[in-house]
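Student: OK, TrEMBL features for this one:
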SIGNAL    1-20  signal peptide
DOMAIN    16-84  domain 'PPIase FKBP-type'
DOMAIN    108-196  domain 'PPIase FKBP-type'
DOMAIN    220-308  domain 'PPIase FKBP-type'
DOMAIN    332-420  domain 'PPIase FKBP-type'
DOMAIN    439-466  domain 'EF-hand'
DOMAIN    476-511  domain 'EF-hand'
Amino acid sequence: MKCIVVSLTWMCFWFSYDRGSTYNVFVGKKQLIDGMDKALVGMCVNERSLVKIPPHLAYGKQGYGDIIPPDAILHFDVLLLDVWNPDDGVQINTYHTPPTCSRKVEVSDFVRYHYNGTLLDGTLFDSSHTRMRTYDTYVGIGWLIAGMDQGLLGMCIGERRIITMPPSLGYGENGDGSDIPGQASLVFDVVLLDLHNPRDGVAVTNQIVPESCVRKTEVGDFVRYHYNGSLLDGTFFDSSYSRNRTYDTYVGRGFVIAGMDEGLIGICIGERRTITIPPHLAYGEEGTGSKIPGSAVLVFDVHMIDFHNPSDNTEVTVTYKPEECDKHTKKGDFIKYHYNGTLLDGTPIDSTHSYGKTYNIVLGANQVVPGMEDGLMDMCVGEKRRLLIPPHLAYGERGVTDQVPGSAVLLFDVELFEIEDGLPEGYMFIWNDEVPPGLFAEMDKDKNGEVEPSEFTDYIMQQVNDGKGRLAPGFDPYRIIDNMFSNQDRNGDGKITEEEFKLKADEAAHDEL
């Protein structure tokens, strides 16, 4: 509470009701009758006093013209509204200090703050809260009244303070022409929400960095990350978690705001970091029109889930190799292996161990994603590998519904259990020995000069069962035989004649005998 002090010459305001305005005067400067000079000393703002002044401390035996007779005792009903001293400066009372304060307001900073503005007696003259928008301005370069320019310096984000200023640092003798009278002290209750400097760049604070980080993001990488986005005062505006899906984008290519493009460079998979972005590298003076106000500093808490580059191939790491490793997988081989599959953040996606049986495929037959085929090549039985497969060699941008997110990098731990040699490329059946002479005649059991589908199937299956020939492993044998028959049945009439029948060596265009 502000009061008039005896030893100082304070200016006070009290209300002269009949004139509809305050009476403004210096105390102790012989500008008042002696009794009023003495009565005002010690009064506080908003204090109301009934003052009785004897004649010798008022207008004495002369009185005051026709208004106050001689030897009159005067009675005043006084309400003190304002008091200040010409030597007063800005007074600051901080009533809330945030637990952390990484930076304070300096000259030339741009700030966003809320305020309530009152006169010294508590009369409200303005409030940013009623307009539901912050007051946004530069500090210390003359864009504000001098008292506010001084009062905002040194504030932290989230700090609340009372800034009291004399009229000389406010609106002076004339006031503002409407709500603020002349010679009024001003009181601003201020909370600072945001500050930055036009010279500021992106600030990165690492929260959690994985112990191992074999690679960091670079320009041109495609990343998947989660984030929480807030303003500097903690106001939440967006989160990928609320949508239950990562934010997926290229880095350094202008697909996101410039500050995020910069803040996502040099980050490891699994790393968590806080990225603070000034408005000129975010949404500028206009903001987004809804959740993000103009000139707002943005804070993103980011968790990097995975990233890759479109030029990446499958990364193969051999984790175990048996001493004897002479026979290696190749295209066309039928192999059996176990695997555990996860996303890069450890989320499991599938495992053969949960089924209790191996996964069996023919290499090179497009029975698994391309990255898995690449990773299983040139592998020996008993060998273990870790395969890192980029999405363009896995499930791409769409992923697998409820199992693999779009654009996800996959991690597989594989162990090879069995290899069965495949056939040479282009063959679905081969002879283990020399081709029997009179092959067509052998097939034509009823000797009618035509081989029916059943004759053809029985003959090929007999050769396989007798160990004289081999069908390509890993496929349905009857479908292979049907395909072989169709290739030999050149006119499509459902039977093969001797003129139609040809060996693979005679014609390289068909996967047949």
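Cβ atoms are placed via backbone N, Cα and C, with glycine included.
Map these features onto the structure and tell me what's around them.
Tutor: Helix, strand and coil content of the domain 'PPIase FKBP-type' (16-84), in residues and according to DSSP, is 13 helix, 27 strand, 29 coil.
In terms of DSSP secondary structure, the domain 'PPIase FKBP-type' (108-196) contains 14 helix, 36 strand, 39 coil.
The DSSP breakdown of the domain 'PPIase FKBP-type' (332-420) into helical (H, G, I), extended (E, B) and coil residues amounts to 13 helix, 37 strand, 39 coil.
Only residues 6 or more beyond the boundaries of the domain 'EF-hand' (439-466), in the same chain, are considered here, and those with a CB under 8 A from a CB of the stretch are 429, 431, 477-478, 481-482, 484-485, 488, 494-498, 501, 503, 513.
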Student: Give, as a single whole number between 0 and 100, the mean pLDDT over the domain 'EF-hand' (476-511).
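Tutor: Value for the domain 'EF-hand' (476-511), mean pLDDT as a whole number: 82.
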